[in-house]
Amino acid sequence: MQTDKAGRPRFDLALTMAGAISAGAYTAGVIDFLIEALDAWETGKQAGDPMAPQHAVSLRAVSGASAGAITGAMLAACLKYDFPHRRLNDAGDGSANPLYDSWVNMIDIVHLLQTRDLAGGAVPVSALDSTRLVEIARKAIDYGEGAGFKSRPYLADPLRFIFTVTNLRGIPFELELGGAKYHHAMMMHGDTMRFALLGLGETGAPNVRANEYPLLYPDVPAKWGGLWEKFAMSALASGAFPVGLSPRELVRRTADYARLPIVVPGGPGEAARVVEIRPVWSPANPEPGAEYHFVNVDGGTIDNEPLERARIELAGGDLLARNERDGLKADRAIVMVDPFVGPEKAGPSSMDETGLIGSLLATFTALKNQARFKPQDIALAMEDTIYSRYLIAPVRQDRASSDSSGSSIACGSLGGFGGFMHAAFRQHDFFLGRRNCQRFLVQHFCLPADNPLFAKWTADQRRDYAVSVTRADGSSATELPIVPLLPALNPKFRPAAEEKEPAWPKGVFDPESLKIPIKRRLDGLFSALAHETKWDQKLLGLPFLLGWHIYAKPKIAKTTIAAIDKQLRQHGLIE
């Protein structure tokens with residue numbers, strides 16, 4: 001069993017936060033409670049609290065896609081500070097909590113339907129105005145004004161962040177087939193941006209790698225600019241949902257792509273091996289020089305649940321290494337937070353259900369769902385005999401008043417955009433995330449009691465924290481929590497500490513309230529496109545303009561509102 005500097009048994013942890021769009025509010029709630037629990041345990045250990053077992057946990061890596069990457073960036077920006085946690089029915093607006101403020105207060109459909117992105121004759125690049133996202137990112141990155149510092153020894157130094165992006169430019173590679181005479185050209189679009197946060201934790205980790213960008217906290221809270229801005233924009237690039245939200249241009253060292261390690265399966269009786277492939281630049285794809293500029297959309301388009309990226313980091317960066325699964329030997333694990341694990345609606349079953357637009361939408365949905373189709377990862381995370389992977393997903397106890405389709409999450413309508421319709425939807429999911437994380441730590445994030453991690457636990461601690469589990473084969477066993485939830489936060493010891501289930505936010509939003517904002521946004525897009533294509537200067541400009549205002553715009557607005565209404569009703573959010 002590995003140990004920390006004080007010689008205490010240590011368990012290593014990595015977080016994977018899946019793409020979620022507006023349901024990032026759920027992930028934010030999970031992370032808010034997790035940090036609160038880790039802080040409380042650390043404080044208890046330092047104070048010699050007999051209810052604070054003296055083993056250690058080290059958070060070593062955070063991987064994220066889309067909303068998961070954005071939440072990861074927000075977390076990194078506030079880890080130096082002591083920020084207040086947000087509980088259901090707390091007074092105030094929650095703006096002092098950077099996770100709650102960003103995901104519940106600051107983002108809303110009203111902002112996304114503005115036209116600030118079209119100012120000065122700018123060409124539209126997305127259906128929605130993404131200006132607000134940069135404002136949210138900047139406020140989150142600059143967090144810390146007026147907040148006290150907080151020591152968090154459970155962080156690794158450096159703490160690694162890995163964000164998936166879909167690189168639209170791509171990196172050209174070639175493989176030799178049948179000798180150097182034949183080459184097979186390929187283009188890689190599934191990319192990552194990697195950062196290493198330095199100077200916070202006490203647990204050592206491998207030094208900053210060649211393809212990582214180091215992050216250091218400055219002496220003042222304001223961090224925007226330089227590598228912190230690159231960090232934030234990388235997170236926004238990971239969350240740039242195609243067509244809906246603005247793509248993001250990033251710049252990185254071309255040398256980051258100098259070697260791409262891949263695993264090659266071995267033949268019969270042979271072990272797998274790692275080989276390196278290199279980019280092949282050509283006249284069609286000229287070498288970019290020292291800097292590589294590229295445009296990106298949502299990382300979840302290709303890798304929505306980057307669990308494998310976290311697994312490799314947890315194994316020390318070795319592609320061939322594995323993390324122990326046996327509960328009696330496990331000393332590291334990945335916790336994946338995934339707001340969307342519920343059933344997806346099936347696509348068209350006959351040609352009668354398709355058309356030009358229907359086929360395009362169904363194709364996009366199929367690509368998105370296939371990116372999320374990782375049955376081996378989910379199966380391992382849910383298997384009760386595998387102790388190297390765990391899953392936190394939305395669960396409501398009161399299912400009668402929630403989504404009729406079986407989902408527990410309020411932000412799940414409209415392909416994940418539904419949460420942007422009203423703050424009450426995002427607020428519900430944030431507090432559900434806190435509640436689910438509390439239950440996860442108490443009941444599920446456990447190891448068998450005989451694991452060496454618990455070697456220094458007292459008899460009282462073993463008795464008080466014991467969790468009785470029933471295996472799939474019907475046998476029973478006793479387990480102990482990896483992150484002990486101290487009595488102040490643990491309903492097992494203090495019932496009042498239970499994170500209450502939020503009420504289902506039904507009937508708080510009327511889609512008709514979006515009629516004017518939608519028409520305003522449509523007018524902005526129409527005017528910008530007309531100016532770009534010079535329709536407004538042609539002979540047909542006036543009839544075209546009249547047709548837009550009299551027929552097309554009202555029709556699109558009406559259809560959009562009807563679709564929103566239908567989706568929210570299906571999710572049990574409208575009476």
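Placed from the backbone N, Cα and C atoms, the Cβ positions cover glycine too.
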For the motif 'GXSXG' entry in TrEMBL, name the matching range from 64-68, 339-343, 384-388.
64-68
All-chain count of other Cβ atoms within 10 Å of S66 (active site, nucleophile):
32
CB within-chain contacts under 8 A for D298 (active site, proton acceptor), separation at least 6:
G19, A65, S66, T166, S238, G239, A240, F241, P242, L245
